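Straight from TrEMBL, the features:
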SIGNAL    1-27  signal peptide
DISULFID  111-146  disulfide bond
REGION    210-318  region 'Disordered'
COMPBIAS  225-260  compositional bias 'Basic and acidic residues'
COMPBIAS  273-284  compositional bias 'Acidic residues'
COMPBIAS  291-300  compositional bias 'Acidic residues'
TRANSMEM  467-488  transmembrane segment
REGION    494-538  region 'Disordered'
(Lines of atoms letter the chains of each structure in order from A and count residues from 1; the text may use other names and numbers.)
(Lines give C-alpha, C1' and ligand atoms only; values in the text may rest on other atoms or scores of the structure.)
Protein backbone atom coordinates (compact mmCIF):
# COMPACT_ATOMS: atom_id res chain seq x y z
CA UNK A 1 0.00 0.00 0.00
CA UNK A 2 2.76 2.42 1.01
CA UNK A 3 4.74 1.46 -2.07
CA UNK A 4 1.73 2.18 -4.34
CA UNK A 5 1.27 5.58 -2.69
CA UNK A 6 4.95 6.41 -3.21
CA UNK A 7 4.68 5.49 -6.89
CA UNK A 8 1.53 7.57 -7.23
CA UNK A 9 3.19 10.53 -5.54
CA UNK A 10 6.26 10.24 -7.80
CA UNK A 11 4.01 10.07 -10.85
CA UNK A 12 2.08 13.13 -9.67
CA UNK A 13 5.31 15.08 -9.20
CA UNK A 14 6.45 14.14 -12.70
CA UNK A 15 3.15 15.32 -14.13
CA UNK A 16 3.43 18.58 -12.21
CA UNK A 17 7.01 19.16 -13.43
CA UNK A 18 5.94 18.42 -16.99
CA UNK A 19 3.04 20.85 -16.63
CA UNK A 20 5.29 23.63 -15.28
CA UNK A 21 7.83 23.06 -18.07
CA UNK A 22 5.06 23.22 -20.65
CA UNK A 23 3.79 26.47 -19.18
CA UNK A 24 7.30 27.98 -19.22
CA UNK A 25 7.84 26.92 -22.83
CA UNK A 26 4.43 28.27 -23.80
CA UNK A 27 5.16 31.56 -22.05
CA UNK A 28 8.53 31.74 -23.79
CA UNK A 29 6.94 31.07 -27.15
CA UNK A 30 4.29 33.73 -26.53
CA UNK A 31 6.91 36.30 -25.52
CA UNK A 32 9.28 35.61 -28.42
CA UNK A 33 8.52 37.75 -31.45
CA UNK A 34 11.61 36.74 -33.42
CA UNK A 35 14.46 34.35 -32.77
CA UNK A 36 17.05 33.74 -35.49
CA UNK A 37 19.75 31.21 -34.65
CA UNK A 38 21.06 30.81 -38.23
CA UNK A 39 21.28 27.07 -37.65
CA UNK A 40 19.82 26.81 -41.14
CA UNK A 41 20.80 28.85 -44.19
CA UNK A 42 19.40 32.38 -44.23
CA UNK A 43 18.48 32.16 -47.92
CA UNK A 44 14.75 32.35 -48.49
CA UNK A 45 14.13 33.82 -45.05
CA UNK A 46 16.32 36.92 -45.16
CA UNK A 47 16.29 39.25 -48.16
CA UNK A 48 19.59 40.62 -49.48
CA UNK A 49 19.38 44.16 -50.84
CA UNK A 50 19.61 44.40 -54.61
CA UNK A 51 20.85 47.98 -54.54
CA UNK A 52 24.01 48.41 -56.64
CA UNK A 53 26.17 49.88 -53.86
CA UNK A 54 25.68 46.85 -51.59
CA UNK A 55 28.15 44.44 -53.15
CA UNK A 56 29.22 42.66 -49.96
CA UNK A 57 28.51 38.91 -49.96
CA UNK A 58 26.75 37.42 -46.92
CA UNK A 59 27.74 33.89 -45.93
CA UNK A 60 26.22 31.16 -43.77
CA UNK A 61 29.32 30.24 -41.79
CA UNK A 62 30.51 28.63 -38.58
CA UNK A 63 31.94 30.73 -35.80
CA UNK A 64 35.68 30.04 -35.47
CA UNK A 65 36.25 27.16 -33.07
CA UNK A 66 32.55 26.25 -32.82
CA UNK A 67 29.97 24.15 -34.62
CA UNK A 68 27.54 27.04 -34.25
CA UNK A 69 26.53 28.89 -37.43
CA UNK A 70 25.94 32.59 -37.95
CA UNK A 71 25.53 35.27 -40.61
CA UNK A 72 29.01 36.30 -41.78
CA UNK A 73 30.38 39.45 -43.39
CA UNK A 74 32.61 37.70 -45.91
CA UNK A 75 34.61 40.50 -47.56
CA UNK A 76 36.38 43.65 -46.34
CA UNK A 77 35.81 47.20 -47.59
CA UNK A 78 32.25 46.59 -48.79
CA UNK A 79 28.72 47.73 -48.06
CA UNK A 80 26.25 45.14 -46.81
CA UNK A 81 22.46 45.15 -46.48
CA UNK A 82 20.07 42.35 -45.56
CA UNK A 83 16.62 42.37 -43.93
CA UNK A 84 14.17 40.01 -42.26
CA UNK A 85 10.47 40.92 -42.08
CA UNK A 86 8.49 40.08 -38.94
CA UNK A 87 5.34 38.01 -39.25
CA UNK A 88 3.42 41.07 -38.09
CA UNK A 89 4.43 44.53 -36.84
CA UNK A 90 5.38 44.76 -33.17
CA UNK A 91 4.10 47.63 -31.03
CA UNK A 92 6.67 49.15 -28.71
CA UNK A 93 4.00 50.85 -26.63
CA UNK A 94 2.65 47.76 -24.88
CA UNK A 95 4.84 46.48 -22.07
CA UNK A 96 8.51 45.51 -22.09
CA UNK A 97 10.40 44.92 -25.35
CA UNK A 98 13.84 43.29 -25.43
CA UNK A 99 16.19 43.59 -28.42
CA UNK A 100 19.17 41.26 -28.28
CA UNK A 101 21.78 39.74 -30.57
CA UNK A 102 25.30 38.37 -30.63
CA UNK A 103 28.19 39.58 -32.73
CA UNK A 104 31.76 38.35 -32.95
CA UNK A 105 34.47 40.53 -34.49
CA UNK A 106 36.69 37.65 -35.56
CA UNK A 107 39.21 39.92 -37.28
CA UNK A 108 38.72 42.88 -34.98
CA UNK A 109 37.03 46.12 -35.97
CA UNK A 110 39.15 49.09 -37.01
CA UNK A 111 36.52 50.91 -39.04
CA UNK A 112 32.97 49.75 -39.52
CA UNK A 113 29.61 49.03 -37.95
CA UNK A 114 28.05 45.89 -36.50
CA UNK A 115 24.65 47.30 -35.52
CA UNK A 116 21.07 46.32 -36.30
CA UNK A 117 18.21 48.48 -37.54
CA UNK A 118 14.62 47.89 -36.49
CA UNK A 119 12.47 49.22 -39.30
CA UNK A 120 9.05 50.82 -39.47
CA UNK A 121 6.30 49.18 -41.57
CA UNK A 122 6.77 49.35 -45.33
CA UNK A 123 3.93 51.87 -45.58
CA UNK A 124 6.63 54.32 -44.49
CA UNK A 125 8.11 53.99 -47.97
CA UNK A 126 10.56 51.12 -48.40
CA UNK A 127 10.70 47.60 -49.80
CA UNK A 128 12.91 44.75 -48.64
CA UNK A 129 14.80 44.17 -51.89
CA UNK A 130 15.79 47.85 -51.95
CA UNK A 131 16.75 48.09 -48.28
CA UNK A 132 19.45 50.76 -47.83
CA UNK A 133 20.65 53.49 -45.48
CA UNK A 134 17.60 55.62 -46.33
CA UNK A 135 15.09 52.95 -45.28
CA UNK A 136 13.09 54.36 -42.32
CA UNK A 137 14.12 52.70 -39.08
CA UNK A 138 12.70 53.20 -35.62
CA UNK A 139 15.72 52.05 -33.60
CA UNK A 140 19.38 51.53 -34.45
CA UNK A 141 21.33 49.51 -31.90
CA UNK A 142 24.82 48.02 -31.71
CA UNK A 143 28.59 48.57 -32.09
CA UNK A 144 30.12 51.20 -34.34
CA UNK A 145 33.83 51.97 -34.45
CA UNK A 146 35.96 54.14 -36.72
CA UNK A 147 38.54 56.78 -35.91
CA UNK A 148 37.31 58.75 -32.89
CA UNK A 149 33.97 56.87 -32.89
CA UNK A 150 33.83 53.93 -30.49
CA UNK A 151 30.37 53.32 -29.12
CA UNK A 152 27.47 50.95 -28.81
CA UNK A 153 24.78 53.02 -30.50
CA UNK A 154 21.21 53.37 -29.38
CA UNK A 155 19.41 55.77 -31.70
CA UNK A 156 15.67 56.40 -31.62
CA UNK A 157 13.96 58.04 -34.59
CA UNK A 158 11.00 59.90 -33.13
CA UNK A 159 8.39 61.92 -34.98
CA UNK A 160 7.76 65.49 -33.86
CA UNK A 161 3.94 65.78 -33.85
CA UNK A 162 4.09 69.51 -34.56
CA UNK A 163 6.54 69.55 -37.48
CA UNK A 164 6.02 65.98 -38.71
CA UNK A 165 9.80 65.59 -38.92
CA UNK A 166 11.55 62.40 -37.81
CA UNK A 167 14.52 63.27 -35.62
CA UNK A 168 17.39 61.01 -34.56
CA UNK A 169 17.83 61.00 -30.79
CA UNK A 170 21.18 59.53 -29.71
CA UNK A 171 21.78 57.96 -26.32
CA UNK A 172 24.29 60.09 -24.43
CA UNK A 173 27.40 58.47 -22.96
CA UNK A 174 26.96 55.14 -24.77
CA UNK A 175 29.25 52.28 -23.70
CA UNK A 176 32.38 51.44 -25.69
CA UNK A 177 32.78 48.43 -27.98
CA UNK A 178 34.71 45.52 -26.38
CA UNK A 179 38.19 45.48 -27.87
CA UNK A 180 38.73 41.71 -28.19
CA UNK A 181 37.68 39.13 -30.82
CA UNK A 182 35.31 37.16 -28.60
CA UNK A 183 31.57 36.68 -29.03
CA UNK A 184 29.60 39.37 -27.20
CA UNK A 185 25.87 39.72 -26.68
CA UNK A 186 24.18 43.13 -26.80
CA UNK A 187 20.83 43.74 -25.13
CA UNK A 188 18.50 46.76 -25.13
CA UNK A 189 15.53 46.62 -22.75
CA UNK A 190 12.68 49.10 -23.34
CA UNK A 191 10.40 49.36 -20.29
CA UNK A 192 6.83 50.75 -20.16
CA UNK A 193 7.93 53.35 -17.57
CA UNK A 194 10.15 55.03 -20.22
CA UNK A 195 13.30 53.33 -18.91
CA UNK A 196 16.00 52.06 -21.26
CA UNK A 197 18.73 49.65 -20.16
CA UNK A 198 21.77 48.68 -22.26
CA UNK A 199 23.52 45.43 -21.39
CA UNK A 200 26.72 43.93 -22.75
CA UNK A 201 27.22 40.25 -21.92
CA UNK A 202 24.33 40.51 -19.46
CA UNK A 203 25.99 43.32 -17.49
CA UNK A 204 24.21 46.67 -17.36
CA UNK A 205 26.35 49.38 -18.97
CA UNK A 206 23.89 52.23 -19.25
CA UNK A 207 20.47 53.18 -17.91
CA UNK A 208 18.46 56.07 -19.29
CA UNK A 209 15.01 57.59 -19.45
CA UNK A 210 13.59 58.34 -22.88
CA UNK A 211 12.08 61.62 -21.70
CA UNK A 212 15.04 62.86 -19.64
CA UNK A 213 16.73 65.84 -21.27
CA UNK A 214 20.15 64.70 -20.01
CA UNK A 215 19.92 61.18 -21.46
CA UNK A 216 19.38 61.80 -25.18
CA UNK A 217 20.81 64.26 -27.69
CA UNK A 218 18.76 66.05 -28.77
CA UNK A 219 16.11 65.49 -26.06
CA UNK A 220 12.83 63.93 -27.20
CA UNK A 221 10.91 66.86 -25.72
CA UNK A 222 12.24 70.03 -27.39
CA UNK A 223 12.94 73.32 -25.63
CA UNK A 224 9.95 75.58 -24.96
CA UNK A 225 11.77 78.56 -26.42
CA UNK A 226 14.27 78.97 -29.23
CA UNK A 227 16.50 81.84 -30.44
CA UNK A 228 14.59 84.16 -32.77
CA UNK A 229 16.02 83.43 -36.27
CA UNK A 230 14.99 86.93 -37.41
CA UNK A 231 16.65 88.78 -34.57
CA UNK A 232 19.83 90.58 -35.66
CA UNK A 233 22.66 92.03 -33.62
CA UNK A 234 22.63 95.89 -33.66
CA UNK A 235 25.53 97.42 -35.57
CA UNK A 236 26.65 99.47 -32.55
CA UNK A 237 26.67 96.48 -30.18
CA UNK A 238 30.14 96.27 -28.61
CA UNK A 239 31.14 92.79 -27.34
CA UNK A 240 34.71 93.75 -26.34
CA UNK A 241 35.14 93.55 -22.57
CA UNK A 242 38.60 95.19 -22.76
CA UNK A 243 40.03 97.73 -25.19
CA UNK A 244 43.47 99.33 -25.67
CA UNK A 245 43.84 102.44 -23.50
CA UNK A 246 43.44 105.33 -25.98
CA UNK A 247 45.36 107.68 -23.62
CA UNK A 248 48.39 105.45 -23.24
CA UNK A 249 51.66 106.67 -24.80
CA UNK A 250 54.74 104.64 -25.64
CA UNK A 251 57.66 105.53 -23.33
CA UNK A 252 60.44 107.50 -24.99
CA UNK A 253 63.10 104.94 -24.06
CA UNK A 254 61.13 102.04 -25.55
CA UNK A 255 63.25 100.65 -28.41
CA UNK A 256 61.12 98.38 -30.60
CA UNK A 257 64.07 97.61 -32.87
CA UNK A 258 66.41 96.22 -30.23
CA UNK A 259 67.22 92.55 -31.09
CA UNK A 260 66.14 89.76 -28.76
CA UNK A 261 69.68 88.34 -28.58
CA UNK A 262 73.15 89.85 -28.80
CA UNK A 263 76.70 88.48 -28.81
CA UNK A 264 78.14 87.72 -25.40
CA UNK A 265 81.07 90.16 -25.28
CA UNK A 266 82.40 88.51 -22.13
CA UNK A 267 82.79 85.12 -23.79
CA UNK A 268 86.34 83.89 -24.38
CA UNK A 269 87.49 81.30 -26.87
CA UNK A 270 88.39 78.07 -25.03
CA UNK A 271 92.03 77.15 -24.90
CA UNK A 272 93.04 74.51 -27.39
CA UNK A 273 90.36 75.47 -29.93
CA UNK A 274 91.55 74.22 -33.37
CA UNK A 275 90.69 77.10 -35.68
CA UNK A 276 92.34 75.56 -38.72
CA UNK A 277 90.90 72.08 -38.35
CA UNK A 278 87.62 71.21 -40.17
CA UNK A 279 84.94 69.33 -38.26
CA UNK A 280 84.86 66.63 -40.93
CA UNK A 281 87.53 65.16 -43.17
CA UNK A 282 87.62 62.78 -46.11
CA UNK A 283 87.54 59.15 -45.03
CA UNK A 284 91.17 58.02 -45.60
CA UNK A 285 90.08 54.39 -45.91
CA UNK A 286 87.49 55.04 -48.61
CA UNK A 287 88.37 54.02 -52.17
CA UNK A 288 86.75 54.85 -55.43
CA UNK A 289 84.43 52.01 -56.60
CA UNK A 290 85.73 50.06 -59.57
CA UNK A 291 82.51 50.60 -61.53
CA UNK A 292 82.51 54.38 -60.93
CA UNK A 293 82.16 56.25 -64.22
CA UNK A 294 83.23 59.91 -63.95
CA UNK A 295 81.28 60.85 -67.06
CA UNK A 296 78.04 59.30 -65.83
CA UNK A 297 78.45 59.55 -62.06
CA UNK A 298 80.44 62.77 -61.83
CA UNK A 299 83.74 63.36 -60.07
CA UNK A 300 84.11 60.92 -57.17
CA UNK A 301 84.70 62.36 -53.72
CA UNK A 302 85.46 60.37 -50.61
CA UNK A 303 82.69 60.31 -47.99
CA UNK A 304 83.21 62.48 -44.90
CA UNK A 305 83.90 61.29 -41.36
CA UNK A 306 84.23 63.16 -38.05
CA UNK A 307 87.66 64.72 -37.64
CA UNK A 308 89.38 62.64 -34.90
CA UNK A 309 91.42 65.68 -33.81
CA UNK A 310 88.23 67.48 -32.82
CA UNK A 311 87.24 64.76 -30.36
CA UNK A 312 90.09 65.66 -28.01
CA UNK A 313 89.79 69.45 -28.50
CA UNK A 314 87.07 71.84 -27.22
CA UNK A 315 86.09 72.48 -30.83
CA UNK A 316 87.15 72.98 -34.44
CA UNK A 317 86.64 75.53 -37.15
CA UNK A 318 85.92 79.22 -36.85
CA UNK A 319 85.06 80.20 -33.25
CA UNK A 320 82.17 82.60 -32.75
CA UNK A 321 80.93 84.25 -29.59
CA UNK A 322 77.72 82.67 -28.30
CA UNK A 323 74.52 84.69 -28.21
CA UNK A 324 72.80 85.86 -25.00
CA UNK A 325 69.50 87.56 -24.22
CA UNK A 326 69.52 91.30 -24.85
CA UNK A 327 68.68 93.12 -21.59
CA UNK A 328 67.47 96.11 -23.64
CA UNK A 329 64.99 94.01 -25.61
CA UNK A 330 61.35 94.99 -25.03
CA UNK A 331 59.68 94.01 -28.29
CA UNK A 332 56.83 95.82 -29.97
CA UNK A 333 54.99 98.23 -27.71
CA UNK A 334 51.25 97.76 -27.15
CA UNK A 335 48.92 99.98 -25.24
CA UNK A 336 47.64 98.39 -22.01
CA UNK A 337 44.01 97.26 -21.96
CA UNK A 338 41.30 98.86 -19.86
CA UNK A 339 37.64 98.11 -19.24
CA UNK A 340 35.50 99.00 -22.24
CA UNK A 341 32.98 101.66 -21.17
CA UNK A 342 30.74 100.66 -24.12
CA UNK A 343 30.81 96.94 -23.35
CA UNK A 344 27.33 95.38 -23.55
CA UNK A 345 28.17 91.71 -23.18
CA UNK A 346 27.97 88.89 -25.69
CA UNK A 347 24.95 89.42 -27.89
CA UNK A 348 22.34 86.70 -28.10
CA UNK A 349 19.12 86.70 -30.08
CA UNK A 350 15.96 87.01 -28.06
CA UNK A 351 14.03 83.86 -27.20
CA UNK A 352 10.66 83.17 -28.77
CA UNK A 353 8.16 80.32 -28.23
CA UNK A 354 9.23 77.16 -30.06
CA UNK A 355 6.55 76.43 -32.68
CA UNK A 356 7.61 72.74 -32.63
CA UNK A 357 7.40 72.33 -28.85
CA UNK A 358 5.25 69.51 -27.53
CA UNK A 359 4.75 67.56 -24.34
CA UNK A 360 4.24 63.83 -23.88
CA UNK A 361 4.12 61.25 -21.11
CA UNK A 362 5.56 58.43 -23.21
CA UNK A 363 7.50 58.26 -26.46
CA UNK A 364 5.26 57.94 -29.49
CA UNK A 365 6.87 54.71 -30.65
CA UNK A 366 5.84 53.47 -34.06
CA UNK A 367 5.68 49.71 -34.69
CA UNK A 368 8.70 47.80 -35.96
CA UNK A 369 8.03 45.46 -38.86
CA UNK A 370 11.50 44.17 -39.76
CA UNK A 371 15.07 43.84 -38.53
CA UNK A 372 17.93 44.63 -40.87
CA UNK A 373 21.70 44.91 -41.03
CA UNK A 374 22.94 47.80 -43.16
CA UNK A 375 26.63 48.48 -42.65
CA UNK A 376 29.83 49.61 -44.31
CA UNK A 377 32.98 48.03 -42.94
CA UNK A 378 36.68 47.76 -43.68
CA UNK A 379 36.90 44.39 -41.87
CA UNK A 380 35.52 41.00 -42.76
CA UNK A 381 34.87 38.21 -40.26
CA UNK A 382 31.95 39.97 -38.51
CA UNK A 383 29.57 37.20 -37.43
CA UNK A 384 25.97 37.91 -36.36
CA UNK A 385 24.01 35.30 -34.43
CA UNK A 386 21.01 34.61 -32.15
CA UNK A 387 18.97 37.68 -33.04
CA UNK A 388 16.08 37.97 -30.57
CA UNK A 389 13.06 40.21 -30.15
CA UNK A 390 11.07 39.37 -27.04
CA UNK A 391 8.55 40.76 -24.58
CA UNK A 392 10.19 39.04 -21.61
CA UNK A 393 13.59 39.80 -20.05
CA UNK A 394 13.82 36.23 -18.74
CA UNK A 395 13.64 34.86 -22.27
CA UNK A 396 16.62 37.00 -23.26
CA UNK A 397 18.45 35.92 -20.12
CA UNK A 398 17.82 32.25 -20.90
CA UNK A 399 19.24 32.64 -24.41
CA UNK A 400 22.32 34.37 -23.01
CA UNK A 401 22.82 31.44 -20.64
CA UNK A 402 22.18 28.66 -23.17
CA UNK A 403 23.41 30.09 -26.50
CA UNK A 404 26.01 32.76 -25.71
CA UNK A 405 27.70 31.86 -22.40
CA UNK A 406 29.06 28.41 -23.42
CA UNK A 407 30.69 29.88 -26.55
CA UNK A 408 32.12 32.83 -24.68
CA UNK A 409 33.64 30.61 -21.97
CA UNK A 410 35.31 28.38 -24.57
CA UNK A 411 36.72 31.38 -26.42
CA UNK A 412 37.98 32.97 -23.22
CA UNK A 413 39.74 29.79 -22.12
CA UNK A 414 41.30 29.40 -25.56
CA UNK A 415 42.57 32.98 -25.41
CA UNK A 416 44.16 32.34 -22.03
CA UNK A 417 45.83 29.19 -23.35
CA UNK A 418 47.22 31.06 -26.37
CA UNK A 419 48.63 33.79 -24.15
CA UNK A 420 50.21 31.20 -21.87
CA UNK A 421 51.70 29.32 -24.85
CA UNK A 422 53.21 32.54 -26.12
CA UNK A 423 55.08 32.83 -22.83
CA UNK A 424 53.60 36.21 -21.97
CA UNK A 425 50.56 35.17 -19.99
CA UNK A 426 51.41 37.33 -17.00
CA UNK A 427 52.18 40.49 -18.93
CA UNK A 428 49.44 40.06 -21.55
CA UNK A 429 46.86 39.24 -18.89
CA UNK A 430 47.85 42.30 -16.87
CA UNK A 431 47.71 44.52 -19.93
CA UNK A 432 44.29 43.24 -20.94
CA UNK A 433 42.94 43.93 -17.46
CA UNK A 434 44.43 47.43 -17.58
CA UNK A 435 42.91 48.21 -20.99
CA UNK A 436 39.54 46.70 -20.02
CA UNK A 437 39.56 48.91 -16.92
CA UNK A 438 40.51 51.98 -18.95
CA UNK A 439 37.62 51.37 -21.38
CA UNK A 440 35.28 51.31 -18.37
CA UNK A 441 36.86 54.53 -17.09
CA UNK A 442 36.23 56.15 -20.49
CA UNK A 443 32.51 55.44 -20.03
CA UNK A 444 32.29 57.47 -16.79
CA UNK A 445 29.81 60.32 -17.52
CA UNK A 446 31.89 63.19 -16.05
CA UNK A 447 34.73 62.28 -18.46
CA UNK A 448 32.46 62.52 -21.50
CA UNK A 449 34.23 65.61 -22.84
CA UNK A 450 37.50 63.67 -22.93
CA UNK A 451 36.11 60.25 -23.94
CA UNK A 452 37.28 60.32 -27.56
CA UNK A 453 40.80 61.41 -26.55
CA UNK A 454 41.02 58.68 -23.88
CA UNK A 455 39.75 55.94 -26.23
CA UNK A 456 42.14 57.03 -28.97
CA UNK A 457 45.07 56.81 -26.54
CA UNK A 458 43.91 53.38 -25.28
CA UNK A 459 43.63 51.99 -28.81
CA UNK A 460 47.13 53.17 -29.67
CA UNK A 461 48.39 51.59 -26.46
CA UNK A 462 46.83 48.25 -27.36
CA UNK A 463 48.87 48.23 -30.55
CA UNK A 464 52.04 48.96 -28.56
CA UNK A 465 51.87 46.95 -25.30
CA UNK A 466 55.22 48.29 -24.11
CA UNK A 467 53.52 51.67 -23.59
CA UNK A 468 50.91 50.33 -21.15
CA UNK A 469 52.27 52.21 -18.12
CA UNK A 470 52.58 55.45 -20.09
CA UNK A 471 49.00 55.15 -21.29
CA UNK A 472 47.80 54.46 -17.75
CA UNK A 473 49.65 57.54 -16.46
CA UNK A 474 48.11 59.67 -19.25
CA UNK A 475 44.54 58.64 -18.46
CA UNK A 476 45.07 59.09 -14.71
CA UNK A 477 46.40 62.60 -15.41
CA UNK A 478 43.23 63.47 -17.32
CA UNK A 479 41.04 62.14 -14.49
CA UNK A 480 42.94 64.09 -11.84
CA UNK A 481 42.68 67.27 -13.91
CA UNK A 482 38.91 66.87 -14.32
CA UNK A 483 38.45 66.13 -10.61
CA UNK A 484 40.37 69.28 -9.68
CA UNK A 485 38.07 71.28 -11.96
CA UNK A 486 35.00 69.76 -10.36
CA UNK A 487 36.27 70.29 -6.80
CA UNK A 488 37.92 73.70 -7.13
CA UNK A 489 36.13 75.13 -10.16
CA UNK A 490 37.84 77.58 -12.47
CA UNK A 491 37.99 77.97 -16.19
CA UNK A 492 37.89 74.89 -18.34
CA UNK A 493 41.37 74.61 -19.74
CA UNK A 494 42.26 72.24 -22.51
CA UNK A 495 43.86 69.10 -21.10
CA UNK A 496 47.06 68.29 -22.93
CA UNK A 497 48.08 64.63 -22.84
CA UNK A 498 51.37 63.91 -21.03
CA UNK A 499 54.53 63.07 -22.92
CA UNK A 500 53.80 59.35 -22.61
CA UNK A 501 50.61 59.90 -24.61
CA UNK A 502 52.39 61.96 -27.21
CA UNK A 503 55.05 59.32 -27.47
CA UNK A 504 52.42 56.66 -27.96
CA UNK A 505 50.69 58.66 -30.67
CA UNK A 506 53.94 59.48 -32.41
CA UNK A 507 55.19 55.90 -32.21
CA UNK A 508 51.88 54.53 -33.46
CA UNK A 509 51.80 56.98 -36.34
CA UNK A 510 55.34 56.02 -37.31
CA UNK A 511 54.49 52.33 -37.27
CA UNK A 512 51.40 52.80 -39.43
CA UNK A 513 53.27 54.84 -42.02
CA UNK A 514 56.53 52.87 -41.90
CA UNK A 515 55.80 50.73 -44.96
CA UNK A 516 55.10 53.66 -47.25
CA UNK A 517 57.98 55.75 -45.85
CA UNK A 518 60.51 52.92 -46.23
CA UNK A 519 59.46 52.42 -49.84
CA UNK A 520 59.69 56.15 -50.56
CA UNK A 521 63.09 56.37 -48.83
CA UNK A 522 64.36 53.42 -50.85
CA UNK A 523 63.27 55.09 -54.08
CA UNK A 524 64.91 58.37 -53.09
CA UNK A 525 68.16 56.66 -52.15
CA UNK A 526 68.22 54.78 -55.44
CA UNK A 527 67.73 57.98 -57.42
CA UNK A 528 70.26 60.09 -55.48
CA UNK A 529 73.96 60.25 -56.53
CA UNK A 530 76.10 58.66 -53.79
CA UNK A 531 78.97 61.10 -54.24
CA UNK A 532 79.56 62.18 -50.64
CA UNK A 533 77.86 62.75 -47.30
CA UNK A 534 76.45 66.11 -46.30
CA UNK A 535 78.34 68.20 -43.73
CA UNK A 536 76.91 67.91 -40.24
CA UNK A 537 74.53 70.57 -38.99
CA UNK A 538 75.96 72.45 -36.01
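First residue shown is number 1, and so on along the chain.
Note: Cβ is positioned from N, Cα and C throughout, glycine not excepted.
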Determine how many residues of the compositional bias 'Basic and acidic residues' (225-260) DSSP places in helix, in strand and in coil.
0 helix, 7 strand, 29 coil
For the compositional bias 'Acidic residues' (273-284), DSSP counts of helix, strand and coil?
0 helix, 4 strand, 8 coil
Once near-sequence residues are set aside, which residues in the chain of residue 111 (disulfide bond), 6 or more away, have Cβ atoms under 8 Å from its Cβ?
145, 146, 147, 377, 378, 379
Cβ packing number for residue 146 (disulfide bond), 10 Å threshold:
14
